[in-house]
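Here is the structure we will look at.
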Amino acid sequence: MIIAIDGPAASGKGTLGKRLAHHYHFRHLDTGVIYRAVAKALLDAGADPADEALAVAAALELDPEKFGHPALKTQTVGEVASVVSAFPRVREALLTFQRQFAAEPPGAVLDGRDIGTVICPEADVKIFVVADPVVRARRRTLEARSRGEEADEAVVLADILKRDERDRNRPIAPLKAAADAHVLDNSNLDIEAGLKAAIAIVEAVRAGR
């Protein structure tokens, strides 16, 4: 079984994906981490994030063992990741990796922005997570401060709105819900409530409802 979870930045899809995978004993892939890893590689090399050729080279040399690096969660890396993820050749370079991950039995949960529309259009269950931008900014600010980073909620909100605009309007794999996706509004749900709502969606699909 393949469960695709999509949604904008800081909507809670990553936490939901991880918890849902644990519930069903499936593998989990936060596909945003892949693009963040490419972004970090470019930043570490002092390369121009706008250079698509360099971004493709970084994508082809990714080391999955480094996907847990704490630096991948910084706002700077996130901003560059949003830029490189818009490059068609970068997305193509990472497509095979993601599809092979999804195909591994007994099942997988992948979260990102184009899982249900591009990466796994035949996914058994598709969930599109949404949340109010102000709520998302507050969550992202608290996450940053919990890591000891300085964060201004107004600045974070502006960045989120900018990323939403870029993600929704990019020509390749724009952020949008698949036609058969189940929309889950996460604005007023805590982690447990969000998980229960997602499980209800999965079970309804499995039961053919």
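Just so it is clear, glycine is given a Cβ too, placed from its N, Cα and C backbone atoms.
Listed in Swiss-Prot for this protein:
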{"type": "BINDING", "residues": "G7, P8, A9, A10, S11, G12, K13, G14, T15", "note": "ATP binding site"}
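The binding-site residues examined here are S11, T15; by Cβ neighbour count within 10 Å, the least packed of them is T15. Using a 10 Å Cβ-Cβ cutoff, A9 (ATP binding site) registers 25 neighbours.
Those residues of the chain, other than G7, P8, A9, A10, S11, G12, K13, G14, T15, with a C-beta within 8 angstroms of the mean position of the ATP site C-beta atoms are L16, D111, V129, A131, R136, N186.
With a cut-off of 8 Å between CB atoms and residues at least 6 apart in sequence, the same chain places I5, D6, G7, D111, G112, V129 near K13 (ATP binding site), listed in sequence order.
According to DSSP, T15 (ATP binding site) sits within a helical segment.
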